[in-house]
């Protein structure tokens, strides 16, 4: 392969060509960072967390493709991934994941000890998640914990502590991740049933759409409660109302369970995360 072809293969392995995963991981981290700093996060900490999010999401994708290397060739959406086609070897994927994880760890070394210690379970969750689809009926919940660890790390980095509020935000984000990743799982539902792996879309069964809606409502309800505790203003609650409207739009997209529409609904969650961050930002500025 030429250099450009290999670079393209590595970009696809780490999903740099599809940044939606990075954004969905970044938004709750930014929520936590802004709330922890009351709207004035340390610029160095902000840069470290943005870069760390990109590195760890990319590492997680490489690990995911390694874990699914025997499954992906049998799923229409994933059969052209670099590991599934043999363009990249399993050894290369592991080296990429290890290298990116090491870079992410080195990145946080200037931060306090608590943040560094929290990075250990965060890394273990990211590495182990792809394997939960073999035995755990709700792997999306496990992913929700993994995708939420940026929140306590943000509080630790900014304030030196992890207050109960941080864990409340973790709980909210957990339900959001279950909601949007179940939408994602609906895209591959037919293939996943044939292969025999486990997903929340399969576990919810005929209540899949209702389960997604319930998780979204729970997510927004917990954020509303967090806003009350923090005495947030109109911009925050206005953002939550807009997010609720976006959730209703998603419901109209997934109610017929058409794979293409479910995938669009999944992508739609980037707007939810962005709107909530905008509400937090404006609420602290105005």
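From the backbone N, Cα and C atoms, a Cβ is placed for every residue, glycine too.
Of all ranges given (83-103, 104-124), Swiss-Prot attaches the label transmembrane segment to 83-103.
Checked against Swiss-Prot, the range among 188-208, 209-229 recorded as transmembrane segment is 209-229. Residues 24-26, 28-29, 31-33, 36, 45, 49, 53, 60, 115, 118-119, 121-122, 125-126, 128-129, 161-163, 165-167, 169-170, 173-178, 181-182, 185, 198-200, 202-203 of the same chain lie 6+ residues outside the transmembrane segment (135-155) yet bring a C-beta within less than 8 angstroms of a C-beta in it. Residues 24, 28, 31-32, 35-36, 112, 114, 118, 138, 140-141, 143-145, 147-149, 151-152, 154, 200, 212-213, 215-216, 218-219, 222-223, 225-226, 229-230, 265-266, 269, 272 of the same chain sit 6 or more residues outside the transmembrane segment (160-180) yet have a Cβ under 8 Å from a Cβ within it.
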